[in-house]
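So the structure is just underneath, and the comments pick up after that.
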Amino acid sequence: MMMKKWMLVLVLMLTACSSNESEETSENVNSNSSEVPENEQEETEEVLEIEEEEGTQLSSSSSSLSLERPTERRERDQSSILSYQREGIDPNRIEIPALDIDTSIENVGLLPNGQMDEPSTMEDVAWYEGGYMPGEQGSSVLAGHVDSRTGPAIFFDLHKLEQGDEIILTDEDGEEKVFVVQKSESYDRNNAPLQQIFGYSYRSQLNLITCTGEFNSEAGTHDERLVVYTVLKDDLQSW
């Protein structure tokens with residue numbers, strides 16, 4: 001079975017908060033006690049191999065929302081893993097009814113220096129188009145800022161999401177993918193479970209990332225990252 005490695009470098013500079021953020025602003029995570037179904041057992045060890053020659057870490061001054069450098073979209077042998085396969089979408093809009101969020105999604109790539117780009121405004125959400133597509137098997141990731149010097153940003157209330165809340169993604173043709181919140185977790189920005197957040201899974205997962213915790217003025221960012229784990233609604237109904 002052939003699977004292309006999906007490479008990810010190990011520096012947790014999730015870009016959900018701007019380097020211009022106010023030191024007074026901090027988000028405390030209200031983690032759900034509910035559990036996400038444990039990651040399905042991979043048939044290969046293809047999940048998140050680290051390649052030093054490919055790795056380029058995010059700038060510590062970057063305000064972007066990335067973990068660190070997913071490179072190219074991985075290619076998989078369609079006959080491998082399961083005959084069951086889902087197709088993803090190229091999302092251009094996100095709705096979170098519980099938080100009254102309805103905004104556009106930017107497809108971001110890599111900067112010339114190899115760093116992952118960030119949302120261009122405090123009100124937009126970024127999806128790294130080199131990663132898994134929302135709706136296909138694997139963990140796709142969306143990131144948004146939590147705040148700025150002038151006030152709250154798009155994911156300021158992300159910590160308020162509860163198990164069962166829905167995330168609705170839509171592509172330019174109007175096709176929707178609905179994801180259901182399973183749990184929220186916060187991690188030290190330098191010690192997050194990258195495989196769990198970005199890795200392959202049999203189910204279609206969508207993980208939302210932003211900053212949380214105390215603002216570290218020396219580092220120019222918050223000390224922690226909040227990850228909200230969600231699963232495609234169709235998968236919850238069929239598994």
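Yeah, the Cβs are placed from backbone N, Cα and C, and that goes for glycine too.
As annotated by TrEMBL, region 'Disordered' applies to 20-86. Per TrEMBL, compositional bias 'Low complexity' is recorded for 27-36, 56-68. What TrEMBL lists as compositional bias 'Acidic residues' is 37-55. Among the features that TrEMBL reports, compositional bias 'Basic and acidic residues' is placed at 69-78. The active site, acyl-thioester intermediate feature in TrEMBL is assigned to C211.
Taking the Cβ of C211 (active site, acyl-thioester intermediate) as centre and 10 Å as the limit, one finds 33 other Cβ atoms among all the protein chains shown. Secondary structure from DSSP puts the residue listed as 'active site, acyl-thioester intermediate' in a beta strand.
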